[in-house]
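Note sheet for the following structure.
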Amino acid sequence: MAEHEQVHEHVRVAVIGSGFGGLGAAVRLRREGITDFVVLERAGSVGGTWRDNSYPGCACDVPSHLYSFSFAPNPEWPRTFSGQEHIRAYLEHVADTFGLRPHLRFDSEVKRMAWDTEQLRWEIETVRGTLTADVVVSATGPLSDPKVPDIPGLDTFPGKVFHSARWDHDYDLAGQRVAMIGTGASAIQIVPSIQPKVDRLTLFQRTPAWVMPRVDRAISGAERALHRALPATTKLRRGLLWGIRELQVQAFTKHPNELGFVEQIAKRNMGAAIKDPALRAKLTPDYRIGCKRILLSSTYYPALAKPNVDVVASGLSEVRGSTLVAADGTEAEADAIVFGTGFHVTDMPIAERVVGADGRTLAETWKGGMEALRGGTAAGFPNFMTVIGPNTGLGNSSMILMIESQLNYLADYLRQLNVLGGRTALDPRPAAVRNWNHRVQERMKRTVWNTGGCTSWYLDASGRNTTVWPGTTAEFRRETRRVDLAEYQVLRPAPAQVGAKAAEADTGADTGADAEVSA
């Protein structure tokens, strides 16, 4: 398809994004007998986060047999925690196995989409043209748009600058003085991967992280053969991994003080590698473990102990040419800056492009904080669902479990529309959205994410946790098993518009009636 070719089509469902959420939605649509759908992807291939993040050492911190679809088990995972290239290959395999290729529209970034209150459908403008859809599933994910802090003087830096999610593989770090900004999940994988080759590595750490050892190993050929021959063993392995994490949830959500034992394990992990008391003090968090995402690595601390690594216990505040200045005044020279500063999680950029029934964008609606009914649907945005929406994140388990629960909800949502018949839309009642989010926030009050004494990317600008689910994945699955129509307004075309259709066919008259709302 030529660039900017104009496409005008109407589909039953448009899915935005082709990571785990988007491909999972596509598989579920086909299983529901829906083939009239497209998957709009801004890049040139599938993979989402696992396509965009290809930095050295990139891997998942959830065991691979749990970080995969239940309907697409993979007996060939090479390691307990497989690397980015294997996860991306798995997603390509899913696209092929389930016949998703004909539905994929690559290089089709959504520029704007708006709800048509007369036609009861979404008009979607992409870089390749315009299409309309009865239902839109936004599966862009919270880790899709990198966040780079606005550092004074950064434009004066003469060297190389890039974000971990936009790694420049053409730039050779060997022999360079490199500054790593941030100490999150990406940084703890990058640091040990580049430390042996760089001349000097300076880590700017605003807040230290709790790091637990990562018990990773190669999965033997015999194990893989067993999983191929007896698929039930793969299911059993997955079930055990899931069950262990479900049991851990109580400590995060109801009894944070029980995490003290886990803190001692993390401190021993640090002490085994970091012998310098001053460096240990820099790396020891002053908040409860679990308040920020617990990181897994058995190589991070050993790398920080190497003689060519400096840890600055302060965030980067200014750049003066090739000199980087921390908030505490510490200075360091660098040839390259790598930002491991996370993503736009609580202010997802896609929200600025989605215009609802009242003419406001989703970003404007969420200005006071993200809210959605059961993590997926927002009031004023009919027939629109977000996969991995507000308060669907997890602090200790696999997001694929949450995605599959949301896909159950999506499937029932579409069934309800079919039962209602005709041109119909469902719009969450504001009271239902408020009630759901009140329940979530009340449960959040006791969790370690709210009481642990830290500021994390789970929190929005007002300090409210709009990211994490304060319960087990089994609880969320029960909450999203069925759509309760009492929580929705049913929208239909106004009678005048319906009655005018025959006349419109004969005269070409344009009807402009508003939609009728049913209880």
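Glycine too: its Cβ is placed from the backbone N, Cα and C atoms.
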Per Swiss-Prot, the range holding region 'Disordered', considering 247-267, 478-498, 499-519: 499-519
Site extent for FAD (largest Cα pair distance over E41, T49, W50, R51, D52, D61, Y67, V110, M399, Å): 30
Closest of A59, D61, G184, I188, K292 to M399 (FAD binding site), Cα positions, binding-site residues only: D61
Nearest recorded site to Y67 (FAD binding site) by CA-CA distance, among recorded positions G184, I188, R293: R293
Inter-residue C-alpha distance, D52 (FAD binding site) and R293 (site 'Transition state stabilizer') (nearest angstrom): 21
Position of peak Cβ density within 10 Å, selected from the binding-site residues A59, I188, M399: I188
For D52 (FAD binding site): DSSP state (helix, strand, coil): helix
R293 (site 'Transition state stabilizer') versus I188 (NADP(+) binding site) - Cα distance in angstrom: 12
